[in-house]
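S.K.: The annotation Mg(2+) binding site is assigned in Swiss-Prot to 393, 416, 418 on the grounds of a curator's inference. Under the heading S-palmitoyl cysteine, Swiss-Prot lists 71, 72, 74. Feature annotation from Swiss-Prot assigns motif 'Calcium bowl' to 908-916; the stated evidence is a large-scale study or a structure entry. As annotated by Swiss-Prot, transmembrane segment applies to 40-60, 133-153, 169-189, 194-214, 255-275, 290-310, 322-342, with the evidence given as sequence analysis.
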């Protein structure tokens, strides 16, 4: 056959051809093809023969197999028909066997074909390491083959290539040999050979592998259908899943969409590149156009997007026909895939990723209840400037993305705060925030949730998840309910020694309120001490000026200098206050067994050890450094405390590992209190102290305290025994008591009244000092709480409502020492402004009541009550002579009240005469400054305070809970009730711990300092004489005016300076010893003792509740009480034993009021006329 060669390069030039000839244009690009003959059909034929030949063989095999099955089925039917006549043979061993069993036996054996098939399945399965490696390798080689195609696409579609000289052809050959072997494994492992043959991956192999072998044989290369390798990209998501790179559904879906879109795009571009560069076969390939592969990619994109610029278009008929069909499918794919891809990318977690730790910088993880309010409160305290330089990064982890306000807050603190979206219950998210290298994990609770138990359960699950991931991580979590703390003890890796802490908001809130019942305003002072507040300077002489000066003080810890070693605590305390301008209130003391405990104002017998940690009240952390730097040789003559800095003396502290910031020493210094070493404020064994005689008699058969000796205890009482009707309450003289107004019903969450009662029943009070507690509220609710209250003495219940004035008058609310208003319904209301409506209404209701001041006095005197100021039996130099007692009031506004609030902004409704702005922070409002309002939000600062020093939380709990210990918590977790214990020297020693009291300056041993005296002189005198540590003033709001005022409201001044001038109406906050005469000499003790006491006994007269007639089991004791009442002005009480068995019903319910004598009436009138001049002091004899 003759060939006509046309040397014209113009593709449009006409050529003369015969019908039977195949004429192709010759160009220098194909120099080896002297004839100009194309061999594309040979490459294509190899693929088509392989595909259709294999398909024919498979179909033929299936047909033959089907026919064979039909034939075998007919034979089986014939055999079943013969089975009836088949005899059963009996073998020698006695078994029977038919003839067919010989044929069925081999059927149960596995043939070699099945074994090979299983082996091939394991080889290509991603379930094994070999299979995963093979699958990933095939995918990688497919992408490599596609890359070779991209390189070769710049060459002509068909060209002559020498296999031994063409490097890319050799590599492609090696890839395809591997593909052929892998195809064989897949074919062997396939269960359905027909469907396998029609799979996309199989079709790709048919049209890419055989042409390579043809290329070697013909020494030609045809670009052909090698672009089909792009279809392997569809498996990209599967490969990433095999490698555990893709784990979420969104990421898998995104990769799937992208891989399908890109593979379809590249494959279609490859087909257009082939037909446009080759031309139409029926046009003798003369209508081709030179297009690069990437121009075809561009053409397909503008076609799918329906833009169609027209700069590049298809000229061949095959290309145009393909574009017609592709635009239909491509447009649909583009319109559906691209928006979905963009949506998935746009919806990807903005706060995904992982935390990158910075060398030399710690980080903490904060999770739980993450809201704008909780985060802002936390950051405000954690990053406060008074903490010095906080080189800690805060990583927040929450499963909900932050709103715009919270996001803005994070951006304002971007240098120290990062946010990641995720859950601590997911180990993957814990790995993202590097929880294993975090310094601590803090879990915030939702204080306003409707179901506190559910919230606690969520936080406990978070603790379990975190501890399960990394058992050594330190966790500080907030808990809402006290009884849920016990569940944390069930976590094996929960370790108090390593700094794990649970801040129970209900326990601390109730403890703060209970301490206010003992010393009004103390809750405000303590809340301010453990919160970081900036100093706000006010020039005007207003009460806010003095209040804010005290607010700037906080609690810090620092190691004491070696200059203090060997000195007693009062000596060191005085030196720190006078010289260093620091207030030392407690130390961490190590016993001989190297067990550490926190001692609050321990007394003279405790000497400072080397490396003793002190708890200071100061305005910032830099001031506290003075206690560490103080050197007697260098700083003894310095009067300006600011000049006390590190000196050049060789001191032990230089070698002490205390170069850390004082905020972090406790956690890294290993001085954490162990769970077995309870923070009992034990100073000494009372049996071993000189001057404290041993107990003469000890009744071991009487249980008066719980098993730890920390609380007064009584046998369980049925609730019916303590219920008072309104008439019974009216006939029962109640004075100096605590009225607890509680709102709640059957469905309300429990507030945990035990946490309120326990501090009021601490064993460092004598029995007669215990204030009776009267609960006024729903009986249905109180029944639910009673299980935790039935072991406490002097607790009564008046069923009713706090909004009923008749109920309030029945309990003599005008004679109470404190009225507490609580609500268990606060979190069930969605509107935040209405959450406190019940408490606010009850508070305003009480303040608007009016009372006749004579009624309470008459009732009290008829039952043995001495009006405040009439009891003058204590010596003038006794410190209890100045202890505060509430005088009779005539208006409800003078009743001491503390109201619990949920919403801070509602504090504006408590006082109608204040001018507080609704946006004013809680601590700046008048009710909070006066100690008449308390909100749980003030406890948020304890999270950061506990992180920087875990002993701070121990100190707080010891101060406000009355001495709750880890042992007691473990006991309550087991029995949910206090267990009584016999009095032993060890348990009695636990009573010897200090307590908070308020001291009046109008009368008593400090009266000379009350009128214009300096606070520092009072501080030193009280400390030296009575070991009494003063730490604040409770002052009348208008005292600075210097003129008499009708306002009886007071406010708190924390840690006044030495030269602060006092006024006679001031009340002093002080830490009082259990034995308040411990600081006096023996002569003073003898003088302070009552003359009727034995010389071996010390007087322990202290302020107490109003005394009523007590019923004793002994008639002799009853006669002594009667004699005492008859000679009340002398207060000559009989000698008492330590372990007097007090009657359970110390307060009779039904008492007839006797007619008052003329002598008593004169005393009452005298009291009424001089009540404003007599200081509110009253004492009774010590019961213990």
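Placed from the backbone N, Cα and C atoms, the Cβ positions cover glycine too.
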S.K.: Over the motif 'Calcium bowl' (908-916), what is the model's average pLDDT?
M.R.: 75
S.K.: Out of 133-153, 194-214, 255-275, 322-342, which stretch touches the transmembrane segment (290-310) the most, going by CB pairs under 8 Å?
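M.R.: The listed stretch sharing the most Cβ pairs with the transmembrane segment (290-310) is 255-275.
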S.K.: For the transmembrane segment (255-275), name the stretch out of 133-153, 169-189, 194-214 with the most CB-CB pairs under 8 Å.
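M.R.: Going through each listed stretch, the top one turns out to be 133-153.
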S.K.: With a radius of 8 angstroms around the mean position of the C-beta atoms of 393, 416, 418, what other residues of the same chain does the Mg(2+) site pick up?
M.R.: 363, 392, 394, 395, 413, 414, 415, 417
S.K.: Please identify, among the binding-site residues 393, 416, 418, the one with the smallest Cα-Cα distance to residue 71 (S-palmitoyl cysteine).
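M.R.: For residue 71 (S-palmitoyl cysteine), the spatially nearest of the binding-site residues is 418.
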S.K.: Give me the non-local Cβ neighbours of residue 418 (Mg(2+) binding site): same chain, 6+ apart in sequence, Cβ-Cβ under 8 Å, ordered along the sequence.
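M.R.: Listed in sequence order: 355, 393, 394, 395, 396, 410.
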S.K.: Measure from the Cβ of residue 393 (Mg(2+) binding site) and count the other Cβ atoms within 10 Å, all protein chains considered.
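M.R.: Its Cβ has 18 other Cβ atoms within 10 Å.
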S.K.: Please list residues from the chain of residue 74 (S-palmitoyl cysteine) whose Cβ is under 8 angstroms from its Cβ, counting only those at least six apart in sequence.
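M.R.: Correct list: empty, so none.
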S.K.: Could you check the recorded positions 71, 416 and say which one's CB has the most other CB atoms within 10 Å?
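M.R.: Of 71, 416, the one with the most crowded Cβ is 416.
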S.K.: Using a Cβ cut-off under 8 Å, which residues of the same chain at least 6 positions beyond either end of the transmembrane segment (169-189) come close to it?
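M.R.: Counting only partners 6 or more residues beyond its ends, the transmembrane segment (169-189) has Cβ contacts under 8 Å with 116-117, 120-121, 123-124, 134, 137-138, 141-142, 144-145, 148, 161, 163, 196, 201-202, 205, 208-209, 212-213, 215-216, 221.
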S.K.: Is residue 416 (Mg(2+) binding site) helix, strand or coil when read with DSSP?
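M.R.: Note: residue 416 (Mg(2+) binding site) is coil by DSSP, not helix or strand.
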S.K.: What residues, ordered by sequence, lie under 8 A Cβ-to-Cβ from residue 72 (S-palmitoyl cysteine) and sit at least six positions away in the same chain?
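M.R.: When sequence neighbours closer than 6 are ignored, residue 72 (S-palmitoyl cysteine) has nothing within Cβ distance under 8 Å.
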